[in-house]
Amino acid sequence: MTVAIIIKDSQFTEKSLTLAHSTHLPLIDEANSYRHDYYLSYDAAGLALASSTNNSFKPLRIDFVHGKTAQRLQQASINKEAIAKAFGLHKGRRPYILDCTAGLGRDAMLLTKLGCRVDMIERSPIIYALLNDALQRASLHALTKELTSHIRLFHTQAQNYFDDYPNRHYDAIYLDPMFPEKKKSALAQKEMQIFKEIIGGDLDAHLIFNACQGYYTDRLIIKRPRLAPRLAQSPSYQLTGKANRFDIYLAPADSNQSTSTSGVS
């Protein structure tokens, strides 16, 4: 699987050059895009990933300002969202969270809408670029500007994160490793196809789980398909929905000192 960067509009030349430098992807002429499986390009709506070989494949663009994701953010409330119950959110409690598997950033943005501060980790330079562009666009929009001020994005390997930042501690840590869907909508098929080809699956999720031990003061949460096997040992408890479940691992009592209002470098 190969990915390149093309310039469709000359006004985005500088941004495309910067992207090529940060991702180490080739910058090619649009006429040569067929030589690669996918290509990244900027337009007025932002950065998108498109297929060079499948015309039915709608370009993938992360958008927190328009569409279904934006609508969900606007309507979100603690009482409606299962993830709020998993994190123990209630009036006056808004934990500081590390999302180790950012992906498209939907859960992280939802958690900020519910009042949390969130740090996200994304290891794929391609997904990171798409997500970073979406956050930059959201920071310019009145409805999402405030949310983006409570979220940070890091490009690194999650299992190495605490080697680089050993003094960082969180109230809660979140893992949503990629898993195969049995029944897929067209959108789910597209996203899963891209993530499998670009990221190659989250086969190291157990290593991330192990690396996070000792760095959360309240709970670590793993999102899984409802009937999927556990990623690690038996959780403290589970919250199960129609399609997914949350495996919740509570921190030992002696680490139960909140970081939700403390400054973290």
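Cβ coordinates come from backbone N, Cα and C, glycine included.
The annotation S-adenosyl-L-methionine binding site is assigned in TrEMBL to ARG106, ASP107, GLU122, ARG123, ASP176. ASP176 (S-adenosyl-L-methionine binding site) is surrounded by 22 other CB atoms, counting those within 10 A of its CB over all protein chains shown.
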Binding-site residues (ASP107, GLU122), the one with most neighbouring Cβ atoms at 10 Å: GLU122
Lowest local Cβ density among ARG106, ARG123, which the record lists as binding-site residues, within 10 Å: ARG106
